[in-house]
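**Student:** Before I ask anything, let me first share the structure, which is written out below as structure tokens.
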Amino acid sequence: MEAARTERPAGRPGAPLVRTGLLLLSTWVLAGAEITWDATGGPGRPAAPASRPPALSPLSPRAVASQWPEELASARRAAVLGRRAGPELLPQQGGGRGGEMQVEAGGTSPAGERRGRGIPAPAKLGGARRSRRAQPPITQERGDAWATAPADGSRGSRPLAKGSREEVKAPRAGGSAAEDLRLPSTSFALTGDSAHNQAMVHWSGHNSSVILILTKLYDFNLGSVTESSLWRSTDYGTTYEKLNDKVGLKTVLSYLYVNPTNKRKIMLLSDPEMESSILISSDEGATYQKYRLTFYIQSLLFHPKQEDWVLAYSLDQKLYSSMDFGRRWQLMHERITPNRFYWSVAGLDKEADLVHMEVRTTDGYAHYLTCRIQECAETTRSGPFARSIDISSLVVQDEYIFIQVTTSGRASYYVSYRREAFAQIKLPKYSLPKDMHIISTDENQVFAAVQEWNQNDTYNLYISDTRGIYFTLAMENIKSSRGLMGNIIIELYEVAGIKGIFLANKKVDDQVKTYITYNKGRDWRLLQAPDVDLRGSPVHCLLPFCSLHLHLQLSENPYSSGRISSKETAPGLVVATGNIGPELSYTDIGVFISSDGGNTWRQIFDEEYNVWFLDWGGALVAMKHTPLPVRHLWVSFDEGHSWDKYGFTSVPLFVDGALVEAGMETHIMTVFGHFSLRSEWQLVKVDYKSIFSRHCTKEDYQTWHLLNQGEPCVMGERKIFKKRKPGAQCALGRDHSGSVVSEPCVCANWDFECDYGYERHGESQCVPAFWYNPASPSKDCSLGQSYLNSTGYRRIVSNNCTDGLREKYTAKAQMCPGKAPRGLHVVTTDGRLVAEQGHNATFIILMEEGDLQRTNIQLDFGDGIAVSYANFSPIEDGIKHVYKSAGIFQVTAYAENNLGSDTAVLFLHVVCPVEHVHLRVPFVAIRNKEVNISAVVWPSQLGTLTYFWWFGNSTKPLITLDSSISFTFLAEGTDTITVQVAAGNALIQDTKEIAVHEYFQSQLLSFSPNLDYHNPDIPEWRKDIGNVIKRALVKVTSVPEDQILIAVFPGLPTSAELFILPPKNLTERRKGNEGDLEQIVETLFNALNQNLVQFELKPGVQVIVYVTQLTLAPLVDSSAGHSSSAMLMLLSVVFVGLAVFLIYKFKRKIPWINIYAQVQHDKEQEMIGSVSQSENAPKITLSDFTEPEELLDKELDTRVIGGIATIANSESTKEIPNCTSV
């Protein structure tokens, strides 16, 4: 889950300003933008060493170098982000910034931790927002030499403290030609700091004329800051004063922080290589107090409401708190995961001083804890989630808290809505996420980008219900890329000012195309290209073969406009860089603008420009995106239809960025740059108030209606906005509001999306997915209560439509049916089968179906102690028990209500480091005939292992030192086999079921090739597909369901075996029953041969089931001579196995063949019979291979050649230690 875009967080010093002539590489951040360049002017190196605070979370790059044309890519490589590799990149809590800023996804999922990938923190899409995460500073490095240098760009001698100014006269009203228009400006040089290669800038802009700039010299060889200067302006940047004497001439400063709730309060950190101290100012940097610290600060997190409350994270992973703005500090907790601590959220957490934090444990896991900053003792801490969680997975964002738990290699995500109990996030059953990022948590809804098991460079977009639990698909295959910091960029953009409008770049047949939605992802369409180009020539571009495509990455540099921008105070106005054609391109790009929320577009430039909003969207200012020095900018008052050219400096300036937002109220913008390669930093103050003739009046506005391809209802309402009339050069002012009137519409189909478990067929029909049973109520539905039975539709969150189809599509209340307990499970909190003697072992009891409130629970710990509960409520957080002796304990959970009961067993042991075990059993066995059962263990080189085998209801295991065992089942029915493998101090188990019958017949099945593309190759999917095939066979042939068993094999191509079983009410007339069975086989065989058996996997995917064998398979039973053909086939299997064995042994003596065998072993099935296997029949066992983990990854099962019987996966319940990486 990853941040898509967020406002400048609190507690972060600013990100870097890069001193370079290549504006493509400039990266600035408000509230202390840090500038870094190599002292030689060459390509920089990472600016933060291991001892420094880690870098600020990466802001989304405007483009990745490898995606640009070669000449641009090489230019972009001239500067790099100079940050130390951090463990996690997250949005922060609070403000701490100058002016407003919007940035895109920050943060890579951490790699290298033990327990699965963590959840990158979420942030808000579109519009300015407050984020609540801690984040350290960032550094960036100066690029290579600039392309050219002005002739008069040489440096002169200037006083160290005063700098220099250059005055530029304002033009007369209604000046002459556009090229003669000038804007009043002043230029100031930070004289004496030309050697400094980093800088941080802060200007709040809110009723303040103060600008602070911290410059410093970072020595890459020493890994520390060796010099620093602090500059302060009180006249909006006209002049600056050097403050080194006020902070201490020998004090070397490293970072600047601004309080987000009171921007007059400033914090400066000294470089820890020199000393550990903090300087505090309460008068906007005029005076400072210095305090020594006993720890080294890595990052700060200010409280979003209380201006004096601060959290400090140290380099040794300790969390400190201060309630007096850093004058005194108190240790809260140790072993805190970096960037995983959060302040309370007003209106949700009861205490304002509550802190949410993730604490690492000594065994490689983490716990989610909360405590108050002044009362964080062990007795006062709370654990809202009882189980261990993955490291770097805690996210607290708005109304939601997210965590991740990885068990048996598969991650599960949990969410708490408004601090309620955690619930597991429900994605469509077979989404199987490899990676997940939170895009947005706006408007009581979660947007999540999920990379599924069959995706590599794309993500699917899912949107949730209000509680953030049930997710449905909004768009497939959204393009992703890696940022300069390695962060994931999801190319999705929310248009500010109008809810529900998103732009997304989707990968379609290896082409990337831009789509737009007006109803939060329910419907998407391509962008219509402009009718004419910039020169007025017709553009011949017909949908869907040709359309407009946009670059949706936001700027990594808040001092550049980014490649797409919109503004809350200018609804409907979108400016973006893109191209016209069949797909998105990084060549032949221009700048396009839409005045009506993306319905229509016009081209305004034929090359790349930075375009900013002036006067809260009332005007636009543009500056060419070029590595060359510039003197002019362009201003438009009619939404880009026409532009006026203004000069802002008499000497051409290599522009590194411009600060526009902070000076919005005063109509002042600051342009940062330099006149030559070795010159000082130049800060050009541009006063553009003269371009406005007056304040706007009522007569200066006009209205416009928001439409979606002519449809006036967008997100269930009609909206009318007002905007300034084109050409009116009047100032809007801060209080300008764009919205005029809004009224609800009658609900139509496009106001509803498919509910969880349903998929879209056609334009508006939602039907259940093949894996979903809509008739099954939630497991927390108690008898006597009611639940909402979905109609398959749910109204889009924040949609305001009324009446119409609303009643038809609204979920209907139904009484909860009584249900017997089913799917009972007992697990340990960490998912492992190990407990230390004398320590707490915590058990969790789970139940798939049943009445939680009316079911009695009993848990027998297996050591003579048992506990009972009247319902599930007291045990939701787990049942703790201390074992006083070591050994094997059979822990039994029993659930019962008046409709039935269920039992679950867990075998607990103190065991060794075995990581995986795979139990291989046949699906079907013959009564009174031996069955060969084996276990495959990984890693294979573990020495002596002990195997514990449980058959059926036995309470004592059979213990062997061999990985295989033979067993005879004496009665018909379904039996359970459990194996536990112990070695050293670890124990793992696998459980499977086997059907025992007097006789059966089977047929091999194959499928149409389109099923392979949708095959994730996991047991649950194979089981569901088997059920779908069974239902299809029953429907076509009317054969009783209990006489059919389908076993879908692992691997590709997808294949299966059909077992035809005798009826349950088997009589003594066996001959007749065998005849009936053969008749059923012939009926099924004919139906399959006629292609009558098929099913729809998903909309548009129809799968046909075929018979692999051309002839009917013989009957398999307990009679030795019943079928000579069966015996011949079995003998064939034996001889083939012997031949393969000999060839394999011979191949082992030839090195290159041996290598081939090792690589290919995951495709070679073991050939063993499920019934009466010969004792002396040679076979190839999986343990012969050197890399059995490949087999376990695919969970390879074995089958008998010729279709006699099959070794395959049955439903498996595994208790395997959680051994994944985060």
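Cβ coordinates come from backbone N, Cα and C, glycine included.
Model, not experiment: these values are computed from the prediction.
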**Student:** With respect to Swiss-Prot, which of the residues Asn840, Asn1218 bears the note N-linked glycosylation site?
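**Tutor:** Of the listed residues, Swiss-Prot records N-linked glycosylation site for Asn840.
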**Student:** To which of the residue ranges 40-70, 784-814, 1001-1031 does Swiss-Prot assign the term region 'Disordered'?
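**Tutor:** Comparing 40-70, 784-814, 1001-1031 with Swiss-Prot, region 'Disordered' matches 40-70.
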**Student:** Helix, strand or coil at Asn840 (N-linked glycosylation site), per DSSP?
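**Tutor:** The residue in question, Asn840 (N-linked glycosylation site), is strand (DSSP, three-state).
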**Student:** Return the member of Asn207, Asn456, Asn800, Asn932 nearest to Asn789 (N-linked glycosylation site) in space, with distance defined Cα to Cα and candidates limited to these glycosylation sites.
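**Tutor:** Answer for the nearest of the glycosylation sites: Asn800.
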**Student:** Express the predicted model's confidence over the repeat 'BNR 1' (231-242) as a mean pLDDT, rounded to an integer.
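**Tutor:** Per the prediction, mean pLDDT sits at 91 for the repeat 'BNR 1' (231-242).
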**Student:** Relative to the Cα of Asn207 (N-linked glycosylation site), which of the glycosylation sites Asn456, Asn800, Asn840, Asn932, Asn953 has the closest Cα?
**Tutor:** Asn800
**Student:** Using a Cβ cut-off under 8 Å and a sequence separation of 6 or more, which residues in the same chain sit near Asn456 (N-linked glycosylation site)?
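**Tutor:** Same-chain residues close to Asn456 (N-linked glycosylation site) (Cβ under 8 Å, separated by 6 or more): none.
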**Student:** What are the non-local neighbours of Asn953 (N-linked glycosylation site), defined as same-chain residues 6+ apart in sequence with CB under 8 A from its CB?
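**Tutor:** Spatial neighbours, sequence-distant, of Asn953 (N-linked glycosylation site): none.
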**Student:** Which is it, of Asn207, Asn789, Asn800, Asn840, Asn932: the one of these glycosylation sites whose Cβ has the most other Cβ atoms within 10 Å?
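**Tutor:** Output for this query is Asn932.
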**Student:** What counts of helix, strand and coil residues does DSSP assign across the repeat 'BNR 1' (231-242)?
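**Tutor:** Counting residues by DSSP class gives 0 helix, 5 strand, 7 coil.
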**Student:** Rounded to the nearest Å, what's the C-alpha distance separating Asn932 (N-linked glycosylation site) and Asn840 (N-linked glycosylation site)? Just drop the number here, would you?
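**Tutor:** It is 39 Å, counting Cα to Cα.
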**Student:** Please report how many Å separate the Cα atom of Asn800 (N-linked glycosylation site) from that of Asn840 (N-linked glycosylation site), as a whole number.
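**Tutor:** That separation, Cα to Cα, works out to 52 Å.
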